Every structure is written in C-alpha cells, then in structure tokens.
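Single-structure report; data block below.
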Amino acid sequence: MTKVFINGEFVNEEDAKVSYEDRGYVFGDGIYEYIRAYDGKLFTVKEHFERFLRSAEEIGLDLNYTIEELIELVRRLLKENNVVNGGIYIQATRGAAPRNHSFPTPPVKPVIMAFTKSYDRPYEELEQGVYAITTEDIRWLRCDIKSLNLLGNVLAKEYAVKYNAAEAIQHRGDIVTEGASSNVYAIKDGVIYTHPVNNFILNGITRRVIKWIAEDEQIPFKEEKFTVEFLKSADEVIISSTSAEVMPITKIDGENVQDGQVGTITRQLQQGFEKYIQSHSI
C-alpha cells in the first residue's frame, strides 16, 4: 500500500485529500522540491531543503520545520514505500482559506504534502544524448523561487514534446536562460558557460554539483550570459536537473551540436557526477 505524507500524517494514497479551497489549487500559492534517491539514499537532500526553506521565506510562508525534520520526514516516506531508486516530491501551500488574492487573515496552517516515485536512471539518454528546441521564455520574473506556478514551463515542455524534443531551451530576447525543467550549459574551447544566478533562473542543485565537479576537475566554469547563436555554435551542450542528471544535448532545433556526438567534457562531468552520488547521498 503506497503511503503519502499530508497534513502531518502518513496515510494511504487513496486517503490523501486536500480542500478545494487550498491556495495551492486555486492560486498555485506554494513551493516544492524534488529529491533523488539512489540505492535507498537521499542525494544532496540538505541542499534541496535549504532551497525549499528559502523559497518559503521568499513568499512569506512560515513552515515551522527544520531541515533535519524535513530530512527525517522524506527518509521515513522513502522507507514506507520501499523506494530504492526514484524520487520524492514535496510541496507546501499557504493552506485552505476562502478564495481571496491576499494572504489569509489570520494566517491558516500550511499544507505540506509529499509522495514518492520509483524509477531507474535514464541510462540510454545519458549515453547517447537527447534533442532540444529553443523557445522564448514567457515565465514570470521570480524564477529563482521554486514555485508551484509552472504554466510557462508546462507550455514550453509541451512545445518540445510536439516536436519530439526532450527539452525546450528558453531565451529572453537573445539570451539563453534555462530549460523548461533544467539548467543549460554551453561548452566552448574547454570552458563551461551557464547563465548567472539571478531572478531569471532557478539555481539548480545539480547545477551546483556540476560547478563543484568543474572545480575538482579544474575545468573553467563561467557564470555569464550567452546568446542562442553562441549556444548553437558550442562544442558541447548539456542540461542538468535532479531527474536528468548531466544530460548531453546532441541536436538543437534540428541541427547537430558539432558532430552530434557526446563530447569529452560532458563525459568527464558525468563521471564526476557518479562520484558525487556516492559522496553526497545519506
């Protein structure tokens, strides 16, 4: 029987219910995180929950949980559902209250919910690479908050699916920001380029891991803006996320990235990622 955490309890999946007035449902008023499990251990879980609590603070949401309590919560859920390889989705909303755009007065209790999913790693895609398309970034101006407001991302991802691509790489004007559900990197002349951390992108946890790996491997890592043209002229292109890991992009908008093969620096980062799974899972 699959268990779900909701409102402070671990309940059977069919008993996991929220109010129709929940502000996450009617406004998207909430935040979330997705954490990867490898061999029954949680990967970079502390970093995920640091970001979770930062997102909560940015939207004025007091969760009354410590990082340690959140880690124990998802660890128990992982064990309850016998998840060895997979992920844990956790979200928090501002709670249930009569529909009104302003925050409830007085505040109501936030609703925290979490569930698990078992799945294997995307071995074939990591080995061979995937295709991407580019599209205008139509999202709001606080992409640094991991908010439930994902309609812009959903539309971009559906656009990618329509053209048989794995990811939609978004750009504001000529400047590449990030993927619909990933960070984006252009590798040129031995240097890794990615958009700087600001309100236009989410500071991905896997992005941070890639930066750590680059430092360990002495690969230059530059956080600076680059154009779609620069992206398409890169020697290698990758995307990263909790689910996609270090994913090679071998074709963009129907054109090969160089010879259409996975590059040497990408392979170096993938190998480094394997080591980080071992050293940063608890």
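In case you wondered, yes, glycine gets a Cβ from its N, Cα and C as well.
What Swiss-Prot records for Lys146 is active site, proton acceptor, and it gives similarity to another entry as the kind of evidence. Cβ neighbours within 10 Å of Lys146 (active site, proton acceptor), excluding its own Cβ and spanning all shown chains: 22. DSSP assigns Lys146 (active site, proton acceptor) to coil, not to a helix or a strand.
The substrate binding site annotation in Swiss-Prot covers Tyr32, Arg99, His101 and rests on similarity to another entry. In the three-state DSSP scheme, Arg99 (substrate binding site) is classed as coil.
For Glu178 (pyridoxal 5'-phosphate binding site), the same-chain residues that are 6 or more apart in sequence and have a Cβ closer than 8 Å to its Cβ are Cys143, Ile169, Gln170, Val184, His195, Phe200, Ile201, Leu202, Gly204. Under DSSP, Glu178 (pyridoxal 5'-phosphate binding site) is assigned to a strand (E or B) in the three-state scheme. Per Swiss-Prot, pyridoxal 5'-phosphate binding site is recorded for Arg51, Glu178.
Sequence annotations record features per position, and here Swiss-Prot assigns N6-(pyridoxal phosphate)lysine to Lys146 based on similarity to another entry.
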Hey, what's the widest CA-to-CA gap across Tyr32, Arg99, His101, the substrate contacts in the record, in Å? 21
Are any of Arg99, His101, Lys146 (the recorded positions) within 10 Å of Arg51 (pyridoxal 5'-phosphate binding site) when you go C-alpha to C-alpha, and if so which? Lys146
In three-state DSSP terms, Arg51 (pyridoxal 5'-phosphate binding site) is classed as helix
Could you state the whole-number distance in Å separating the C-alpha atoms of Arg99 (substrate binding site) and Lys146 (active site, proton acceptor)? 23
How many Å separate the Cα atoms of His101 (substrate binding site) and Lys146 (active site, proton acceptor)? 20
